[in-house]
Amino acid sequence: MMVVEEERSMEEGLLKLKNLNDTSDCRITACVILSTFVAVCGSFSFGVAVGYTSGAEIGIMQDMGLSIAEFSAFGSFCTLGAAVGALFSGKMAIMLGRRGTMWVSNILCITGWLSIAFAKDVLWLDFGRISSGIGIGLISYVVPVYIAEITPKHVRGTFTFSNQLLQNAGVSMVYFCGNFLDWRMMALLGALPCVIQAIGLFFVPESPRWLAKVGTEKELENSLLRLRGRDADISHEASEIQLMTRMVESDSKSSFSDLFQRKYRHTLVVGIGLMLIQQFSGSAAVISYASTIFRKAGFSVAIGSTMLGLFMIPKAMIGLILVDKWGRRPLLLTSACGMTITSMLLGLAFALQKMQLLPELTPVFTFICVTLYIATYAIGVGGLPWVIMSEIFPINIKVTAGSLVTLASWSSSSIVTYAFNFLFEWSTQGTFYIFGAIGGGALLFIWLLVPETKGLSLEEIQISLTGQPDEISHM
């Protein structure tokens with residue numbers, strides 16, 4: 001009888017939550033915009049780190065006397081460090097809060113960028129790359145989670161996708177500035193957004209969901225008032241957050257083995273699967289070594305990098321605009337389809353080059369395909385896995401699941417980043433055929449398994465995925 005009463009109470013609580021959700025304040029305040037901007041400053045440094053090897057390759061290899069193997073290792077150390085950061089990202093976000101975790105990431109990233117900028121030998125280069133990588137591993141988890149937790153549901157996808165927009169801005173800066181700035185100066189520019197974020201964090205509120213979890217009710221209300229406006233009625237939303245936190249409190253310290261229960265299997269497969277698709281479809285390799293691809297195709301590296309730099313931000317804006325209009329699934333399917341086609345076309349371009357057919361068209365055709373590949377990547381597969389990751393996991397598995405998914409992303413990225421140069425030497429066309437085949441498998445995965453979360457509150461998403469009211473949460 002007690003179990004029945006408890007279940008009835010939980011169901012009644014859910015009905016109350018739905019009613020509260022429908023009447024909650026949905027205004028976009030200046031504080032929400034400022035908080036999002038401060039958070040995505042870290043994403044800008046993330047983008048600089050990802051694209052850095054493309055813009056700095058020639059300068060570093062010449063100045064430091066690096067071999068291809070040493071430079072490949074330098075490039076992959078960032079993703080290796082990010083994998084280490086991913087292991088601790090979820091736990092740190094719970095212990096220190098979202099803002100505290102971003103501060104730690106700033107210290108690591110600034111230390112790493114300064115080490116690269118003033119490096120005298122390869123040891124300092126690698127140390128700096130690993131240090132900034134660990135910081136980026138923390139950023140990649142905490143930024144989308146923080147943004148998802150502070151924004152109203154009707155714009156949650158758009159605001160969370162701004163994480164991808166600023167990553168693209170960072171990559172764009174490296175591509176553009178790499179033509180006329182020294183690699184040491186670019187490293188200093190990579191540290192600048194981290195400094196801005198470290199200062200800006202003093203002026204933005206902590207996540208109300210985290211404040212509810214640690215039991216500071218007054219701070220929760222103050223945070224919501226800052227985010228929703230001083231004249232807003234935050235009682236409904238505060239009650240919703242507190243009720244959801246109480247509903248999952250008994251499960252909030254679940255063990256790692258709980259991730260593999262049947263009720264969480266779908267969310268875990270979706271989260272990890274999307275991250276593996278994001279990396280093994282070749283994105284990290286194409287973005288990190290765009291200059292290598294242009295050089296191999298016979299296209300001007302300076303022109304190609306400049307054009308890509310100018311193109312990066314506008315094409316990311318497409319995803320930002322469409323994510324809360326089209327939805328997650330249509331954008332993911334469109335993105336994966338585009339990446340598959342352009343990868344196959346890149347393979348064809350290099351096959352024609354090898355056979356010495358249409359030699360005057362191959363360089364331009366390669367540039368167009370690389371541009372279209374990055375464009376289609378940016379509108380979906382580039383940012384939406386992080387958006388979906390921030391939405392689908394209940395609070396009782398949020399720490400372990402989020403860390404595991406982030407680890408999967410950076411571990412696979414490290415493999416792709418390190419192996420690309422060797423694959424490219426083995427077979428230029430074969431490398432892109434492999435990426436295209438993985439993209440084809442991605443289409444099937446997204447079609448069959450990935451849920452649509454557009455316009456749903458976080459608790460509604462949890463109900464649809466787990467089917468049990470006591471497992472839902474606001475992260």
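Cβ coordinates are placed from backbone N, Cα and C, and glycine is handled just like the others.
According to TrEMBL, the protein carries these features:
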type     : residues : note
DOMAIN   : 35-454   : domain 'Major facilitator superfamily (MFS) profile'
TRANSMEM : 28-52    : transmembrane segment
TRANSMEM : 64-88    : transmembrane segment
TRANSMEM : 100-118  : transmembrane segment
TRANSMEM : 187-204  : transmembrane segment
TRANSMEM : 268-291  : transmembrane segment
TRANSMEM : 297-323  : transmembrane segment
TRANSMEM : 330-352  : transmembrane segment
TRANSMEM : 364-387  : transmembrane segment
TRANSMEM : 399-420  : transmembrane segment
TRANSMEM : 432-450  : transmembrane segment
Interface check, the transmembrane segment (330-352) with the transmembrane segment (432-450), three or more C-beta pairs under 8 A: yes
Remote residues contacting the transmembrane segment (399-420) - C-beta distance under 8 A, at least 6 residues beyond either end: 53, 72-73, 75-76, 78-80, 82-83, 85-91, 93-94, 133, 137, 140-141, 145, 254-256, 258-259, 264, 267-268, 271-272, 275-276, 278-280, 282, 284-285, 288-289, 385, 389, 393, 431
Recorded stretches the transmembrane segment (100-118) and the transmembrane segment (268-291) touching, at least 3 CB pairs under 8 Å: no
Per-residue pLDDT averaged over the domain 'Major facilitator superfamily (MFS) profile' (35-454), given as an integer: 84
